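S.K.: If you scroll down you'll find the structure; I have some questions about it.
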Protein chains: 4
Amino acid sequence: MDAIRPLPEYLVKRYHGWKATTFAENKSWYRRLAEEGQRPRAMVISCCDSRVHVTSIFGADQGEFFIHRNIANLVPPYEPDGAQHGTSAAIEYAVTALKVSHLIVLGHSGCGGVQGCYDMCEGKAPALEETSSFVGRWMDLLRPGYERLEAGEDAERLRALEKQAVLVSLENLMSFPFVKAACDEGMLKLHGLWTHIGEGGLETWDPEARDFTPV
Amino acid sequence: MDAIRPLPEYLVKRYHGWKATTFAENKSWYRRLAEEGQRPRAMVISCCDSRVHVTSIFGADQGEFFIHRNIANLVPPYEPDGAQHGTSAAIEYAVTALKVSHLIVLGHSGCGGVQGCYDMCEGKAPALEETSSFVGRWMDLLRPGYERLEAGEDAERLRALEKQAVLVSLENLMSFPFVKAACDEGMLKLHGLWTHIGEGGLETWDPEARDFTPV
Amino acid sequence: MDAIRPLPEYLVKRYHGWKATTFAENKSWYRRLAEEGQRPRAMVISCCDSRVHVTSIFGADQGEFFIHRNIANLVPPYEPDGAQHGTSAAIEYAVTALKVSHLIVLGHSGCGGVQGCYDMCEGKAPALEETSSFVGRWMDLLRPGYERLEAGEDAERLRALEKQAVLVSLENLMSFPFVKAACDEGMLKLHGLWTHIGEGGLETWDPEARDFTPV
Amino acid sequence: MDAIRPLPEYLVKRYHGWKATTFAENKSWYRRLAEEGQRPRAMVISCCDSRVHVTSIFGADQGEFFIHRNIANLVPPYEPDGAQHGTSAAIEYAVTALKVSHLIVLGHSGCGGVQGCYDMCEGKAPALEETSSFVGRWMDLLRPGYERLEAGEDAERLRALEKQAVLVSLENLMSFPFVKAACDEGMLKLHGLWTHIGEGGLETWDPEARDFTPV
């Protein structure tokens, strides 16, 4: 495995800087977290996109959020078929082992995965339709959201699809028996968010208004 | 969907604080990131564990790392079977669309997923062996790492298995044709890291020493 | 041009070392930077002084900062007279072509250029007052800063003049229409810093306190 | 001056990291540099481009190089007209006050300033020809280099012009009486370099071969 190399020097330097400052100043908390284990209040499902930092937006520190990040913050439906479902495993662990109180799905503007899904559903991205396309098959999860889009301008429909990525995930979450049970017992709340990267906006799904509204 | 609720007030407050400070100070950069798209130098695959923050360790800011987080920072083998593989989709997007230069797998001490795998392989966690256990099936990915463990104390073997989670992932990464091709062309380097949460330690896989060594 | 010679051997050796290590480890990122062009988040204006390394202080790597360095980190006022203004050209390129989000002026302790300006303004450096003195004429840019110094000890006044070099530059920056426009649109923030070389200190201009305060 | 703001938090954190590590480990050297002043062996004139780091290429540390950076690493001709010449001031200070032994001009591939000059000379960049264009007027310095280009493909001519930026600067350097005198006394050597960013290449001007040759 020739391609495996030591860490680039600039990251090594930054790490040593962190160790000597942030770590040194919070050592006792990190030790407790190590000894007693994590006890996060919430799980967040957000996108891998380098521009989306949920810990920054919420001023969170070590130990606060259990975070799963995948392309387009998607949750698949409940399928206990014995296959490998990384997202479902993360949700199961958060809800049944860690017993988080909140489960937040965070979508965002300018999502490359959602764009790919939109193009694919419009018939403009044949490469994504191939069996061998992991991104294409993953984005199939969002097809039910595409089906619900109203007619309109591409830009508007794309924005709507970004928000559907949150709604479809919330719906799929409720198909997991352990999620539903925790919700029914009042032990778990779900939250749907969408952030506008360029404007720093944050909208939350309001189940009464049946729309996303600014936080 | 009764269980879907507006965001808890403490997060709303923190968000407004972030918007008025961090966002306000960096607005122009966030706008550029929104308009021009992301161009992260590296992809990081790390655990969902709330105690592992790669952006903190490396003093990284918005736009630097494309981050996928799953239970135990695992990468499955290449399986273009048309099923939904979230981790593989994230890797495909990072390597073929974003063309990242570095792919970092970051393991950590006290990993609950690795502990579960160890218990399961030792025959002490029957619940994880059930077909319906998402965590169990996901952790099956690490079984090849368990097979390689040397005899010894449980604590040592568990620590070794945490590091195997990094190595197995690196090996599986190389099974993806587009990862291998990018490595062969010199466009991509892989890096294996393991961090000790309580001590703030960081070790990197040294391919010559064939071991993890402190950074 | 007899005086033009091949590179000294010690630098040739160091270059080959860099090529075999740092370059080899980061080749793919350098290639991307070459193919896609730079996208620095910030421009830094600092002194030529060999003791001032902004990339070191900020753990920055290739591609992060667009850096102009001149004697005493000075920015002249906006003068679109068709003459050659190297500093103004660098600022114009950074703001209008690269659209940087931050413009940082970094002053420092023990600045030889500032010392020359101080001596000249005190009437103790006649050589710098001659028309033919490039350093003297360049340091004329800082005379408005000298005029504002309060009475006191030479050492204190000299230190204050180093900080004036940052403030005068910030003021002159705002005389450039394209800088002002970018600031007004919220696309650009200015930052004034001063570093103490011997103590590794860093102070930032706090517009509310109207003073430099430790970072 | 509303647009002047405190430093972004991510740079504050990185600075504190540097202070606690690199600075702490080298404190005695930085103190000596502060107390005894700088004594650089060489001056480097390089481009502002964020991808060009002469200290990285040459493994240099605090105190080694006196560095002036401007657009396209240009040196204007000697013009002691009492106007403000930042580049000439930096050269004067390095040669007459610091008495550096080497003066290195470092050009590079993919230079935006050289590209602008080329487009302007080809009549394809009218905006750069306006009196008010600082970049255009600054790049006028390279027009003599453009005049010498041989006919050929644009890409080849552009590459040749990048190297002319080094040669024109070396020629202009020799028009400074104090540079010529130091060279004549054997106290100063000039060096012309050009680096290929994507390939990590370094070429040096060989006065005998009258060409750039790999180092």
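FYI, residue positions are counted from 1 along the chain as it appears here.
Each residue, glycine too, has its Cβ placed from N, Cα and C.
Per TrEMBL, the feature Zn(2+) binding site maps to B:CYS47, B:ASP49, B:HIS108, B:CYS111.
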S.K.: Residues with Cβ closer than 8 Å to the Cβ of B:CYS47 (Zn(2+) binding site), same chain and 6+ apart in sequence?
M.R.: B:ARG69, B:ASN70, B:ILE71, B:ALA72, B:ASN73, B:LEU106, B:GLY107, B:HIS108, B:CYS111, B:GLY113
S.K.: Report the residues of the chain - excluding B:CYS47, B:ASP49, B:HIS108, B:CYS111 - with C-beta within 8 Å of the mean position of the site's C-beta atoms, for the recorded Zn(2+) site, in sequence order.
M.R.: B:SER46, B:CYS48, B:ARG51, B:VAL52, B:ALA72, B:ASN73, B:GLY107, B:SER109, B:GLY110, B:GLY112, B:GLY113, B:VAL114, B:GLU162, B:ILE197
S.K.: Taking Cβ atoms only, which of the binding-site residues B:CYS47, B:ASP49, B:HIS108 fall under 8 Å from chain A?
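M.R.: From B:CYS47, B:ASP49, B:HIS108, the ones near chain A are B:ASP49.
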S.K.: Any idea what DSSP makes of B:HIS108 (Zn(2+) binding site), helix, strand or coil?
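M.R.: Looking at the DSSP assignment, B:HIS108 (Zn(2+) binding site) belongs to a strand.
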S.K.: Inside 10 Å of the Cβ of B:CYS111 (Zn(2+) binding site), count up the other Cβ atoms and send me the figure.
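M.R.: Neighbour count, Cβ to Cβ under the 10 Å cut-off: 25.
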S.K.: Who sits close to B:ASP49 (Zn(2+) binding site): which same-chain residues at least 6 apart have their Cβ under 8 Å from its Cβ?
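M.R.: B:HIS108, B:GLY110, B:CYS111, B:GLY112 - these are the non-local Cβ neighbours of B:ASP49 (Zn(2+) binding site), listed in sequence order.
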S.K.: CB neighbours of B:HIS108 (Zn(2+) binding site) within 10 A?
M.R.: 24
S.K.: Using DSSP and three states only, what is B:CYS47 (Zn(2+) binding site)?
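M.R.: Assignment for B:CYS47 (Zn(2+) binding site) reads strand.
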